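*Asks:* Checked Swiss-Prot, it gives:
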BINDING   11, 36-44, 62-66, 88, 110, 158-166, 186-188  substrate binding site
BINDING   36, 63, 158, 162  Mn(2+) 1 binding site
BINDING   62, 66, 134, 159  Mn(2+) 2 binding site
């Protein structure tokens, strides 16, 4: 199933769709480094993303990065509500040369982000690295996930961010994996 949403504000105009059919993705955020990270997200999560974004990137990349995270989170929440029968938990360690990242995801209905990643530099190219946390906070809060992101070792900032994105994507993909168990994956009987 394809989930689609538009978001139009004074700062951004977004048209985003997500599906779990692994169809080809098209990503145009206007921010080269973010395009690269979201391409990794699609490959490693098994999800398909189509993004057409325009924003005030002449100011900086903050609004478009955060707003894309908001919409991806909202679309993931719709997908989760429709799925009902999924593994729920996902954990992944990703090494990238000198770097090691760990991400743990719980599709809990309780939004929480622990972001423990001191990135080595403030920029990768023109991309402000502080936006990595802003992006994940937007996704996690809007998808109502509990997520722990830990950069265990680092060195090269590009590698650090790439390892985090890959680990999150793989952990999310595991958590979203369909299961034959017809019970809601919570002893409470509900995930809200």
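Positions of Cβ are set from backbone N, Cα and C atoms, glycine also.
Context for these features, please: burial, neighbours, distances.
*Replies:* Non-local contacts of residue 43 (substrate binding site) by the CB criterion (under 8 A, 6+ apart in sequence, same chain) comprise 169.
Residues within less than 8 Å, Cβ to Cβ, of residue 63 (Mn(2+) 1 binding site) and separated from it by at least 6 positions along the same chain comprise 9, 11, 12, 55, 56. According to DSSP, residue 63 (Mn(2+) 1 binding site) is assigned to a helical segment.
Around the Cβ of residue 159 (Mn(2+) 2 binding site), 20 further Cβ atoms fall within 10 Å across all displayed protein chains. Classification of residue 159 (Mn(2+) 2 binding site) by DSSP places it within a helix.
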*Asks:* How long is the line from the C-alpha of residue 158 (Mn(2+) 1 binding site) to the C-alpha of residue 165 (substrate binding site), rounded to the nearest angstrom?
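*Replies:* With the alpha carbons as reference points, the distance is 11 Å.
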*Asks:* Of the binding-site residues listed here (64, 66, 134, 165), which is spatially closest to residue 36 (Mn(2+) 1 binding site) when Cα positions are compared?
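*Replies:* When the Cα distances are compared, 165 comes out closest.
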*Asks:* Enumerate same-chain residues with a sequence separation of six or more from residue 110 (substrate binding site) and a Cβ-Cβ distance below 8 A; give 'none' if the list is empty.
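*Replies:* Non-local contacts for residue 110 (substrate binding site): 144, 146.
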*Asks:* What's the CA to CA span in angstrom from residue 134 (Mn(2+) 2 binding site) over to residue 64 (substrate binding site)?
*Replies:* 11
